[in-house]
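Listed in TrEMBL for this protein:
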{"type": "COILED", "residues": "66-150", "note": "coiled coil"}
{"type": "COMPBIAS", "residues": "43-57", "note": "compositional bias 'Polar residues'"}
{"type": "COMPBIAS", "residues": "155-171", "note": "compositional bias 'Polar residues'"}
{"type": "COMPBIAS", "residues": "183-196", "note": "compositional bias 'Polar residues'"}
{"type": "DOMAIN", "residues": "64-148", "note": "domain 'GDP/GTP exchange factor Sec2 N-terminal'"}
{"type": "REGION", "residues": "1-57", "note": "region 'Disordered'"}
{"type": "REGION", "residues": "155-196", "note": "region 'Disordered'"}
Amino acid sequence: QVGFEEESQNPPAVGHWNSLMPSKGDKEEPEGGCQDAGGVHEPQSTEQLNVSRLRSSSVEIREKGSEFLRDELHKAQKELKLKDKECERLSKVREQLEQELEELTASLFEEAHKMVREANTKQAAAEKQLREARGKIDMLQAEVTALKTLVITSTPSSPNRELHPQLQSPSKAGIRKGHGRNKSTSSAMVSAASQNVAPEPVSRECKEVDSTLFAEFQAWKESPTLDKSCSFLDRIYREDVGPCLDFTKQELSELVRVAVEQNTLTIEPVASQTVPVGKVAAEECGGPKKCALSGLPRTCKHRIMLGDSGNYYYISPSCRARITAVCNFFTYIRYIQQGLVRQDVELMYWEVMRLRREMSLAKLGFYPSEM
C-alpha cells in the first residue's frame, strides 16, 4: 500500500529512456560515446529498478489481496449454500406442518359433523321411543283401569251379570242389545278380568293336556310374539283363525283379517248409530237385511268399520260371533305378550284352548242367542 501511495504521489518521469541494451544502431557508435554517457544513465537505471520493484511489490500485493478475497468469497458462498439448504429444509418442514394442520382440522370438522349427526339420530330415535312408550303406558293404564273396574264390580257374593251372561234372566238377556265392541278389546278384557274372579263351578268334563300343543305354547310363552311364523301361532292360523275368518266375500274377508291382526277393527250396534247433522253419511255395504260378508239375506244388528276408512259393513250375528271369537283370542295373547296376565302356564294354556274352542264353534255356526 505504501508503494501504491508513493507511486501515485510521485509518478515516474516520462521522458527519453535510454535502452540498457544497445541496439543495432548503437553498436556503430564509438566506444568513447558510451563511456561518456555512462555517468548520465546510472541514476536513471537505479530509479528504474526502484519503480520495477514497486511495481512487482504492488502486483504481489494485488495477487495476495485477490487470493484473500477469493477465499472470503468462497467461504461466503459456502455459508450461503448452507443457509439456502437450511431455509429449504425449514420451508419443507413448514409446508409439512401446514399440511398436517389442514388434515387435522379437516378430520376434526368431519368428526364433529359425524358426532352431531349421530347425536341427532339418537335424539330422534329416543324421542320416537319416548312417544311410543307414552302411548303404550296410556293404553295399558286405560286397560288396567277397565280391568279393575270390571273386577271390582264382580265378586263371588255379588257377581257382575254383565260379565256372566249365564246368570241373567231370559227377559234381561233379550233386552241386552246395546253391547258395542271398540278396537276388538272389550270381549278380551272381559275374559282377562274373569281370570281374577273367583272360579265358577266347572262342569264335569274330562280334560287332558296335549303334549305337542302344550310344548308349542311353552316355547311361545318363553318369547311371546305376534309373528305367525312360530309353530304355536302357525297352527292356530291354519286350524282356527283362517277357517273362522273365511267368508264368502274373499276380498272383504282378507281386509277383516288384516284389521283384526292390526287391532283396528270396530264393531258397533246398528241401533246406536246416529249421523250428525250436516255430515255426509259413511259408505255402508250390505244393509240391515243383507250381510256384507256372507252375501246372504240376514237380519244385521251390527256393522264393522276397518281402521279409520269410514266405510261401514253390515254383518249378521253369525259373522259377528266368528269375528268376536278371533278378536278375543288375539286380545288375550296380546295381554300375555305385554305381561298383563299373571297366571300359571297351564292355566294360560287352557284359556287359549277355550278361546280356540270358541273359534271352532263359531266357524261351525254356533253362537249365543243374544248376538
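From the backbone N, Cα and C atoms, a Cβ is placed for every residue, glycine too.
TrEMBL labels come from automatic prediction, so no person has curated them.
Secondary structure of the domain 'GDP/GTP exchange factor Sec2 N-terminal' (64-148), assigned with DSSP and counted as helix (H, G, I), strand (E, B) and coil, comes to 85 helix, 0 strand, 0 coil. Averaged across the domain 'GDP/GTP exchange factor Sec2 N-terminal' (64-148), pLDDT in this predicted model comes to 89.
In the compositional bias 'Polar residues' (43-57), helix, strand and coil residues by DSSP number 15 helix, 0 strand, 0 coil.
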